[in-house]
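What follows is a single structure, written as structure tokens, with notes after it.
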Amino acid sequence: MSHHEHGSTLPENRTLHPLAPLGWNTRTAEAFDALADAHELRPARVTEARRGSVGVAMPEAATADLSPRVRKAAETDRSTSPTSGDWVALRRSGDSWTVEAVLERSGTLVRQGVAKDSHDQVLAANIDGVLICEAADQGPNVGRLERFLSLAWASGAAPVVAVTKSELAGERLPEVIELVEAVTMGPDVYAVSAHTGDGLAELTERLLPGRTWVLLGTSGAGKSSLLNALAGHEVMDTGAIRHDRRGRHTTTHRRLVPMPGGSLFLDIPGVRRIDVPGGEEGVDRTFSDINALVDLCRFRDCSHRNEPGCAVNRAVDEGELDASRLERWFRLRREAEWNRTRNDVRLRTERKREWKKLTRQGRESARHKRGGL
Ligand SMILES: Nc1nc2c(ncn2[C@@H]2O[C@H](COP(=O)(O)OP(=O)(O)OP(=O)(O)O)[C@@H](O)[C@H]2O)c(=O)[nH]1
Ligand SMILES: [Zn+2]
């Protein structure tokens with residue numbers, strides 16, 4: 001019996017695929033079946049990316065090295081390297097496993113390279129939802145929320161906001177929720193407390209079986225505590241425990257944490273301090289109010305800096321749009337655009353180099369062929 005016989009071709013009413021608790025679905029099954037040598041391979045989900053190898057669940061835990069082909073591809077374009085949440089096809093040789101292919105991804109959370117020569121880094125693959133945590137007792141910090149929302153929208157996964165530590169806000173809670181809702185415009189907002197259990201049931205309803213979530217939120221926002229509370233037992237070390245150990249964030253592992261309702265959380269500590277807004281689409285989605293106004297400007301190339309007939313400036317004048325929100329939109333757009341253009345330049349240089357190499361190889365092999373005739 002192999003995994004393959006459990007593929008998507010089976011009738012729906014058959015028993016659950018053994019990988020279903022890890023998020024396996026029709027899409028991934030089809031991508032796997034499309035591999036030429038699928039019958040020799042086994043699908044698995046990456047729980048942890050290391051250098052040159054990955055930790056996987058299939059569903060039992062294992063370690064797999066990257067095949068030369070996968071490794072080579074990753075050298076050329078680091079974003080193709082198997083990362084947390086990826087579905088991969090493994091080949092067995094004796095007691096060890098090798099990653100032969102990375103299946104096509106759906107939602108990906110990408111950290112855009114920040115240094116001049118740095119690459120985009122895919123932090124999480126195949127995510128369905130992003131749970132943004134913002135503590136009720138500290139704000140909310142609107143600018144930070146906007147960054148997280150932009151990043152979430154850019155990932156292609158839907159954001160949901162958890163206002164954590166709700167019991168600490170006391171009677172200010174409705175006001176805090178209102179402030180958060182004014183920023184999120186759309187994504188659902190849940191007030192939750194890991195300590196009292198308030199709001200956990202409502203949030204749990206959003207966490208559908210087989211869906212993979214990622215947590216975003218500043219350090220101390222209560223992400224680990226929330227996961228523990230949702231899971232009903234300790235699945236994560238919380239800040240209080242980590243403080244006792246030498247150095248924080250020593251647990252740099254990336255894990256796939258199953259929730260009782262069948263959803264999964266990818267725990268990626270590196271994501272916690274992420275502060276780049278993702279692409280411009282993510283920013284525009286977050287500022288959908290401003291984006292709607294842009295369409296009403298008289299000039300299509302309006303810069304919204306005091307041009308005549310600018311609907312954005314008019315909204316500010318009429319008190320319908322917060323001037324500081326407009327400034328934050330300008331800033332995030334600039335950042336996102338700057339990141340993109342820089343990446344474009346880098347990609348162009350890389351492709352040119354790659355192309356030169358290929359044509360050189362091509363010429364050489366042509367020469368060899370001629371010589372051999
Ligand atoms: N009062 C109260 N405190 C909470 C609640 N949830 C978390 N905390 C506290 O807030 C602190 C930070 O919680 P964590 O869950 O470790 O926060 P985190 O977001 O995982 O932090 P990082 O791992 O640094 O990113 C801890 O001292 C928790 O005990 C809550 O619902 N109510
Ligand atoms: Zn305008």
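Using the three backbone atoms N, Cα and C, a Cβ is placed for every residue, glycine included.
Just so you know, TrEMBL annotations never went through curation; they're auto-generated.
Marked as GTP binding site by TrEMBL: Gly217, Thr218, Ser219, Gly220, Ala221, Gly222, Lys223, Ser224, Ser225. In the three-state DSSP reading, Ser225 (GTP binding site) counts as helix. Of all Cβ atoms in the shown protein chains, 21 besides its own fall within 10 Å of the Cβ of Ser225 (GTP binding site).
Remark: Cys297 (Zn(2+) binding site) has His304, Glu307, Gly309, Cys310, Ala311, Val312 as non-local neighbours, by Cβ distance under 8 Å and separation of at least 6 in sequence. TrEMBL lists Cys297, Cys302, His304, Cys310 with the feature Zn(2+) binding site.
Residues annotated as domain 'EngC GTPase' in TrEMBL: 125-272. Here the domain 'EngC GTPase' (125-272) is broken down by DSSP into helix, strand and coil counts: 62 helix, 31 strand, 55 coil.
Look at TrEMBL and you will find 48-87 tagged as region 'Disordered'. Here the region 'Disordered' (48-87) has long-range neighbours at 18-19, 21-22, 24, 28, 31-32, 42, 96-103, 105, 110, 119-127, 212, 253-256, 266, 268, 350, 354, meaning same-chain residues at least 6 beyond its ends whose C-beta is under 8 angstroms from one of its own.
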Note to self: Can you check which residue among the binding-site residues Ala221, Cys302, Cys310 has the largest number of Cβ atoms within 10 Å of its own?
What the structure shows: Ala221
Check: Considering only the binding-site residues Ala221, Lys223, His304, Cys310, which possess a Cβ situated under 6 angstroms from at least one atom of ligand 1?
Finding: Ala221, Lys223
Item checked: Contacting binding-site residues, sequence order - Lys223, Cys297, Cys302 vs ligand 2, Cβ under 6 Å -> Cys297, Cys302
Notebook entry, point to check: Within 8 Å of the Cβ centroid of the Zn(2+) site residues Cys297, Cys302, His304, Cys310, which other residues of the same chain have their Cβ?
Noted result: Leu293, Val294, Arg298, Phe299, Ser303, Arg305, Glu307, Gly309, Ala311, Val312, Asn313
Checklist line | Alpha-carbon distance [Cys302 (Zn(2+) binding site); Gly217 (GTP binding site)] in Å | finding: 34
Notebook entry, point to check: What is the average pLDDT across the domain 'EngC GTPase' (125-272)?
Noted result: 87
